[in-house]
Amino acid sequence: EKKRTLKCGRVVKSEMTSSTLLTILKLLIIFLCAAWISLWILKPTQAWTIIWKHAEQSANNTIFGYYGLNFAVYTFPIIAIAIIGLLFLDLKGEYQRTRSSRSSSTVFSNQLVVNSLFGILTSIEILVVFLVIVFLGWTYYARISNDFKKLMQDKSLKLNLWQLKYLRIATRFGLLAEACLALLLLPILRGLSLFRIFGIQFEASVRYHTWIGTAMILFATIHGASTLFVWGVSHHIQHEIWKWQKTGRIYLAGEIALVIGLVIFVTSLPQIRRRKFEIFYYTHHLYILFLVFFLFHAGDKHFYMVFPGVFLFSLDKLLRIIQSSPKTCIVSARVFPCEAVELVLPKDPRLKYNPTSVVYMKIPTISHLQWHSFSIISSSKADENIMSVMIKCQGWWTNTLYDLIQTELNKGADKRKGIPVAIEGPYGPTSLDFLKHDSVLMVAGGSGITPFLSILAEIDSTTNKNKFPLKIQLVHVIKRAQDVCLLHSITHLLHNQASRKFHLKLKLFVTQETQLDLGITELLNEFVKVKTLKLDSVSSKYYAAYGLESPVWMAAITGCCSITFLIFLICFNHTIIPFRKKSKLSKEKTSSWIVDLLLIAAFVVALSCSALIAIVLRWRRLKKGIPPMSQKEINPFGQSSAEIKNDLEEHEVHFGGRPNFKDILGKFKNETCGSNVGVLVCGPESMKESVAAACQQESECFKLGLKRAEPCFTLHSLNFTL
């Protein structure tokens, strides 16, 4: 009894220490965020301009120079937030794994606004968007009002008053584009994601990237078009448009950057992205040229404001490339009648992930460049040596994969070749708070079922009943009856409900067929037939998937990269750019593009050093070959060809119509006697909007967790409680 009391005391003390550290890290993050935002608010003011000029002059007399000051003030706060955020997420994950109590969410964050144009917005999102618009308006007003107070004629252009004013207006729109560019890359970070600190996963933050990118291109286009217009009406366009100035703004570089930005934007439109994904994918890699020419156009002093996103994105991309370089392979695959494929991949037993996690996959046999994301449908608790993904074949890449597996199936077992795969991730939620309800209603549209398969597998494998809901209703909306095969991995959960740790009820809606004589048992017996491809015998020369480096190591690499960059930036500026007092060229100004190249060179060296550290860490973890796996792990549902038992009477099948979500929510609420109910949705945007609207109408007590999904190529999942 004394030992038990001492052990409980240690656990409580450990939880209190972790809670205190989490609070301290959270306060540091809030402070740094507030400081960085304050810089942006103060930057357009005259008072800040005067203070900053004096600060740069003082810094030029030190070893750091103005470039070190700019990096420390404008760039490093965001890098520091990323470093502290990684430590925060690591500690939070450990802290929540030791707790089983349910955490409550605030009512304020649960408020939803359903809009056909913008989709589903939370009140927090609306507030942040409003504040960003106010900030942009303030920046523009402060800048343009100061400009109009002290208009100065350009000697080379000799513009009229209205032309001069319009040119200033055009210039300030360029600064708005710069402010958007500072935020553009932050939402699409994965390993170094800042949004995960606030519980927002990559799949949801992508839309912020889209919004910011659209605003940036709009402001940049107005900036460029208006400038060209002023040059045209003043008859200077032929002279100015080809200028590559030695100092100051390089006009030609800005024009090239604008053209590249427009190409990226046009090919990102839904009409092109969904039909011609390859065009969208490859043209998006022009961002490297866009950033380089933006640097040449704006200069290094302006670039330090947008550099945090560039720094973190480049390092994040580099770490992801290194993590995914050792190839793994497919140990088995299952082909379903509805042209869906389940891939079983080997993983290191130490790799753990939460349900609804996502992996990015590249199959060199199909394409050496294309990566596609898929939801993991397995549980790392139940399956230590494997992870599975379900892929609905609906595009060129996925159809090619389907044909590749069919080709291997037609070969003899001795002639089959291994299919190499590069795996990046997994990425997933840091906590399972979105499941901490008494009852959960899951609504899935088509292939949007995949995140829920991993949730059900996780719940089925857990021993802690207090951690997950005890009553679950799954509403699955499909177009054709044969799509029921997507439920293959959970068919065993639909049986023997009395002996299960939780109660699961399935409501299946087949919208484009009217076969009223078929029940759930007949559907499963007819369509849940699979062909299995075994490739485990050719996997000895590949590696298991090891996942990302630990957050602590990623924070250390980020810190080393920033320090290395600053050191080399100082060294390059002191050795390559001549000192004014000692050089014969002291009367000449150094070309601005040379200074920009030094910044790029220092950054490349810093990334190279970070890559070396990451490679050493990666290869220390790797072990050649894939651990032996049991036949059950390779083919856990090998008995799927057997007849489905006729004990599924409580499950429902509806043909020929769409579900009435308001009725479903109302009935489920009555069945649960008004208990704490969570609603999770994954599927097309129209479905998510319908469910959100039904939740608003039915009860303010419902908490809606949205699952983001791109139905055309890849399945994305995100979990957050609203």
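Along the chain as shown, the residues are counted starting at 1.
Backbone N, Cα and C atoms are what each Cβ position is placed from, and that goes for glycine too.
The domain 'FAD-binding FR-type' feature in TrEMBL is assigned to 308-433. Taking H, G and I as helix, E and B as strand and the rest as coil, DSSP gives the domain 'FAD-binding FR-type' (308-433) the counts 35 helix, 39 strand, 52 coil.
Here the transmembrane segment (21-42) has Cβ contacts under 8 Å with residues 48, 73-74, 77-78, 80-81, 84-85, 87-88, 91-92, 95, 135, 138-139, 179, 182, 197, 305 of the same chain, all six or more residues outside its ends. For 21-42 (among others), the entry in TrEMBL reads transmembrane segment.
If you look up TrEMBL, you'll see 71-91 (among others) marked as transmembrane segment.
According to TrEMBL, the feature transmembrane segment maps to 112-141 (among others).
The annotation transmembrane segment is assigned in TrEMBL to 169-189 (among others).
Beyond its flanks by at least six residues, the transmembrane segment (210-230) meets 129, 159, 163, 166-167, 169-171, 173-174, 176-177, 180-181, 183-184, 187, 237, 241, 254-255, 257-258, 261-262, 265, 268 of its own chain at Cβ-Cβ distances under 8 Å. As annotated by TrEMBL, transmembrane segment applies to 210-230 (among others).
Through the fold, the transmembrane segment (250-267) approaches residues 174, 213-214, 216-217, 220-221, 223-224, 240-244, 273, 276, 279-280, 283-284, 286-287, 289-290, 293-294, 296-298, 592-593 of its own chain, all at least 6 residues removed from its boundaries and within a Cβ separation under 8 Å. Annotation comment: TrEMBL describes 250-267 (among others) as transmembrane segment.
Taken from TrEMBL, the feature transmembrane segment applies to 279-296 (among others).
Sequence-distant contacts of the transmembrane segment (552-577), counting only residues of its own chain at least 6 positions beyond either end whose CB sits under 8 Å from a CB of the stretch, comprise 63-65, 67-68, 71-72, 76, 79, 82-84, 86-87, 90, 191-192, 311-312, 315, 319, 590, 594-595, 598-599, 601-603, 605-607, 609-610, 613-614, 617. TrEMBL lists 552-577 (among others) with the feature transmembrane segment.
The list of residues near the transmembrane segment (597-619) in space but at least 6 beyond its ends in sequence, with Cβ under 8 angstroms from a Cβ of it, reads 67, 292, 295, 300, 303, 311, 314-315, 318-319, 322-323, 325-326, 546, 549, 553, 557-558, 560-562, 564-565, 568-569, 572-573, 576-577. Per TrEMBL, transmembrane segment is recorded for 597-619 (among others).
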Subject >> Residues from the same chain, set at least six apart from the ends of the transmembrane segment (71-91), whose C-beta lies under 8 A from its own >> reply: 18, 21-22, 25-26, 28-29, 32-33, 35-36, 39, 64, 186, 189, 192, 194, 196-197, 304-305, 307-309, 311-312, 430, 550-552, 554-555, 558-559, 562, 565-566, 569
**OP:** Restricting to the domain 'FAD-binding FR-type' (308-433), report the mean pLDDT as a whole number.
**Re:** 88
